[in-house]
């Protein structure tokens, strides 16, 4: 995979494969049709009801099921629906030819149909071989989208689908929407000339953003790129608010543990740790925190958590949660000293926070007791309960709320609009954060969900504060 | 079913059937053996490894799987394990012959093996035709217990199993442990003379307790009965603390709703309502409360909830939760006015709080979107999301924590010990609550789980307060 | 003082003297007129503007100031004002002759004027030699009430004032409203025949209620008495909700301590302890709890507090709070081991929870650093910060919210109405709690303060629950 | 006052005068000696016990009282004490000649004596004519410090004192520690040449920092300046954590309001608003929020607050709190519509958030009911309760915790050390924030107060994260 490939990025990619599989599996289960033939979609000739066959999916007959899924998702993505309404007048993406590579789910479908309503033409592939909702892909194909994706692609299928989005007679994409960087990588490798007409890349994932910064540092980034992952709104929602709920959900679904009275240690008190601690405290757990940064440590103190080193409490806690973004936070030495029945899980960004590898030794017995739940058993009979084999609990064992996906999708749409319409020179061959004002706009589009009413500055107040009445209201660095 | 039968009690019984089925189904799924033959257990001859065949279960070969389940449950039921330890010296149930009729699950198995360790002989049937964990029944049979139960009994099987527990040559039970009152009813109906040797009944369920009070009022109760359901410890845990967690769990598992920012109305501010409100407030929901009792209403105010009538907020809320114990709290008129996507569910004690029947009209379309989740769709396209068809959310869509089951089982064991050992005349032919002191003892047995250290009164302090140093510490009515 | 006198009750009375002095002092300060002469009110001849002189107070000229205080209090006592409105039609106290002995404050004045509006005649003395607001007494006298009270009475004055309320030509009281039992005691001792015409006693204080129960046990109670102190509404508000706020207020006013990150141990997890713990946890303190009762202990665990013995944490905590109702909870041994700067205070009912006497030894130095704040200094320089000399922090160092006083006053008024109008035989010569229904009525009168809207049962629902639509909604023992 | 003077900055300065007066008044009250003569300190000749007379204060005889205050403060400023300990080896301020102008309180004395222990020589004046604690000034003078300050200076005295710190034979300051910018201004105006030897300015206040940025913009700043006000640690503690406590304290001390059940609107959801909302929600208030920034607005939603416009709730709320930093947020129109008894106060940075001027009209009556509490009365009798005349509630009506002052003082000390020791060229003639690493160091010095134990990165982890093991752990912009 040429320029992108580092050992590290592969690991992360692999992990995303795994975790999204878990999430999506539960949704798609009900639609699995046992009579589905085993013919590869690449070998089938399908057409939608209008006679269009420019797509490659599992089964066009599932379109009705998929449409229902999309309609349900629409109800929870009001911001995109609001963008569509505005687009009745102006078409900010008129002329845009977007090639996309993301998870293909009902939420993505709402995004794609919004881009279309805004004037764009789209061709789309899946960024993950397992995560495609086949019936949604069918509904998109039926609706006229050129989709190339199905659940259970081979690696060869994966690149073939991407290629079919990019390389087709009479189609020259001018925008890229990517999630993970594989599409971007493919164009770099196979069709570098295509970048001459491309106005920009919008990238969603940590991995993809990392790749873009590497390109940029190496002086090889040849179009502007928008880092959607680090926008304020997305960060706050993905981390603090989403984790506040998913820690409870993930633990309950896997272990049915009662939180009241449990002693818990949370390693790391960044946004994720703050969310986990707040939730568990509210449910009656006694929470300890470990930190390396004295400022976050002082915040933990002021928020009412005892700040400890892991070895001070490891023998007494019922649950250990890592949220550090670091590696080897919970090592074998600590695992050895945990009490019988201790639950261990990871909410941080990588799967190396818990040294799971150190548990793969002959004297320990692993017992899979439920999906995503292993008992690791010591010779003396002590068991610890390891969740998701140390991978991200919130992705593996709970669901990502549609509301969070809505914020991401809206941010992606606005980033496309911004890059596509930006006057010459506003963006150079670099990686950008979404301008503060657009971040604020994403937020404002989600306020009606809560029947929330924003106050407007008077002219006098705006002048006093030195602000434009329409924002931005804070400096770019404000968090 | 003679004397017991009222329309009301049947409804409740039916509902329990339904809900426990849902709970247990998820656990037992993994052990379903597709090669299981379809022969009725009543037609099979099975013996355990010691040659004993005095039981009737699905498949004795599953005993090892069941033993593992029991071992896991033992770890979370420390109070029963502590009782076993104490029983190494004295056997407070020596000579007791207990006939039982309860759900047959791993937790019940821990109870039964504890009763055995305390000196009792046991014969056991299931109180529900769906809820038996076959592999646990197998482990019990292998361990020498006379168990008569399997998942999927017919009604005829149900009464046959009960009869086999009661009516067997050379066996005269002297204690009854019942859950629902069916066993008690059967003995009343078929073997009334048996009560001459019976020292008492311990009853667990709302329904069964209700039946006992009716018998008592009618002057027909011929032995003392212990109402385990209304003990302080059980009530607080079943209601306030358990519901504080299960409301979140039940809503997440069924709808994946994000709680932050959601507007919720909770009908009823008793213990259950208090638990639900506290949890949702902590997760960032905006919670409104309805109440009929001005004292509970004032508590809601002081706890920070706006007290409203349902019609004031019904148009704006995202979630409606009933916790009243009343009927027709959410009637069609309110359902008509809810906004699109509103989630409706019931945490109260009966399935009549939401007038679900009123939704079974031709102009409304029902769509089952997941297990326990229906969309009810109005002609204009509005949908409400009805959970568990209005039955109890916490039983249908979340799990009961083992910790709560542990409190119940311990209370049952102590109630048996108390009734069996009580001196002549302490209990008459009436329904009793567990003495405060034993309630406190149940609590104290669960404190080590939390590494909690109780303070002891000094002699001087006990004298000052006029208390015995070992309790009871509060009057019986204290809650 | 004959029959009442026990060493214990005196101590409590003494303590009330002290604490209310502290509270009232801060209000009355601003009205202290340096030109006030030092003549005893008993030696002055004063008349109000209508020529009436049947009162004895400090200075009738302060009436205008007092009226303003009363008007402010009226705004926060809506329930009494609602009772007045209803009294425009019927006068439930017509013919009642109430002799009262309570703190004489603006809130009491609102109660007295309400009783008057309900038809009662009143004569009133102070139950405390320090707590009278002179200007309020003046306003009452100006309004025609026979008030006998001033701030700074001698003990002789105290009994003289009471006597003047009881023993006056042409006046035979038929109701007693007492706070502390001194008035009741005086009548028992001096005018026992008066009880023949008295319909009942309403008693407010712990001490007074204790005395009444002693009388009742001794068979000497000769009229019905209503125990206002233990009504549900009052208990909940005085204890849980009021203490939740006053623990923070009392600590801040005395020590300006920052709560965030502080380690606190709360001794006792009854209603008061629950309130203190909830408040401190919310402010970011780390809270430990000690308990003797395993049920309350388990509640502490489930609410997220580590349950410890005092000696486990005494060296590390920053604040020690007693809420036990017990004595010698914090003894010298613990005080010796506290760390430098540790704050020690009492929120329980008596002033013996902290063994303050044990600190009066020669090697320790006491230093008064502010009002109600002493540093006790060990020979090695260690200081502990003792608040209110171990007396009740919430009475000594914070204020009682008018809202709580309003609930108490309303309960008193309703208790008078109930006893005065009860049909022959409803009440015997015993001590009663306010009937549940009236307790609920008190609560309902306070709901409009919060713009709270109660739901009414439908006929069908009331029938289903077996309740009267107007309550009572719960059994008497329900809390 | 030449270059600095803008109408705006004067107003802020005036307000600080007022508010600190309120705070300090309560502490100094007890030491007021009625026998204090009225002679101006400038006319007195005083010497300390060592014969040194290079100071000008109220009364050197109060030194012992002051020493006690300083000792108490030392106990709560562990970070400065830790710096002193380290200074036993190295003297990072050896040779530093610091001229200071701050509030002269016990906490400042701890700072000054720490600077001295670090090797600095100091001369000090007060930055406020009311805020000096005379006995602390005496203790400093007795300890050999050249202090020029007393409570109740005239404006002429104020500048005279400053001049005496700067302009004395044989003294050339090389560091400035300022609070408000008046000292800096005086040197600019009178002794501009002095800046040649000055290594830098450390400025604490919003006003002073504002002035420095204006100088910098105008190209007139001739030495590096450190903006202590905006350091992360200080901001978080001054705003979020401190306000979380002071909103409750300020409201209680002024109004004794009960928070439970009260409806409150908080204008602005920045750090201050977040602190206020969290505290009031925890105390059982129902809180509404207004915001102009959609991102903060969405945070309010997710934290469980209804986002409204002021006019939607102004009629129903019991308390209005401004935290916007804006002006005319609560204008007369809203004040007219508030309900009777509504409390109005300001927690934001300026005294213009509430348009108090609009209430100074003939038809409204003002009534001062307590210190800092006015009733403003409408012709129809409606009153609103205005606190601190719209100035900052937390400064006027509560106290600033020593812990927060400790963080500020430590930051000041470290800023002096950094500027004094920075190699040539690290800092230019500009305004700087404290480097992240030193901010982290301030935090780490305060962790022992909470017995908090920081985790250290392993070498492997530091490498993985690309961090130095000793920090900084976050980028400079991280908050």
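Just so you know, the numbers here start at 1 and follow the chain as drawn.
Backbone N, Cα and C define each Cβ position, glycine as well.
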Examine the ranges C:32-54, C:55-77 and name the one recorded by TrEMBL as region 'Disordered'. C:32-54
C:270, C:271, C:272, C:273, C:274, C:275, C:291 bind NAD(+) in TrEMBL, but which of C:167, C:394, C:421 does that record place at the same site? C:394
Say TrEMBL lists C:105, C:204, C:234, C:238 as binding substrate: which of C:163, C:179, C:182 is in the same site, per that record? C:179
I'm validating the feature mapping. Which of C:7-27, C:112-132 is tagged transmembrane segment in TrEMBL? C:7-27
To the nearest whole angstrom, state the Cα distance for the pair residue C:274 (NAD(+) binding site) and residue C:238 (substrate binding site). 12
Consider each pair of residues in C:270, C:271, C:272, C:273, C:274, C:275, C:291, C:394, all listed by the record as binding NAD(+), and report the largest Cα separation in Å as a whole number. 21
Expressed in angstrom and rounded to a whole number, the substrate site built from C:105, C:179, C:204, C:234, C:238 spans a maximum Cα-Cα distance of 19
Using all protein chains shown, find which of the binding-site residues C:179, C:204, C:238, C:271, C:291 scores highest when you count other CB atoms within 10 A of its CB. C:291
For the binding-site residues C:105, C:275, C:291, which residues show a Cβ-Cβ distance under 8 Å to chain B? C:291
What is the interatomic distance between the Cα atoms of residue C:394 (NAD(+) binding site) and residue C:238 (substrate binding site), given in whole Å? 10
Tertiary neighbours of residue C:234 (substrate binding site) (same chain, Cβ under 8 Å, six or more apart): C:228, C:407, C:408, C:411
In the predicted model, what is the mean pLDDT computed over the domain 'S-adenosyl-L-homocysteine hydrolase NAD binding' (C:239-400)? 94
List, in sequence order, those binding-site residues among C:270, C:271, C:272, C:273, C:291 whose Cα sits within 10 Å of the Cα of residue C:238 (substrate binding site). C:271, C:272
Report, in whole Å, the straight Cα-to-Cα distance of residue C:105 (substrate binding site) from residue C:272 (NAD(+) binding site). 25
Looking at the binding-site residues listed here (C:105, C:179, C:204), whose Cα lies nearest to that of residue C:275 (NAD(+) binding site)? C:204
Whole-number answer please: how many Å between the C-alpha atoms of residue C:273 (NAD(+) binding site) and residue C:204 (substrate binding site)? 22
Work out how many Å separate residue C:204 (substrate binding site) and residue C:271 (NAD(+) binding site) at their Cα atoms, rounded off. 19
Inter-residue Cα distance where the pair is residue C:105 (substrate binding site) and residue C:291 (NAD(+) binding site), in Å: 37
Rounding to whole Å, the Cα atoms of residue C:179 (substrate binding site) and residue C:270 (NAD(+) binding site) are apart by 24
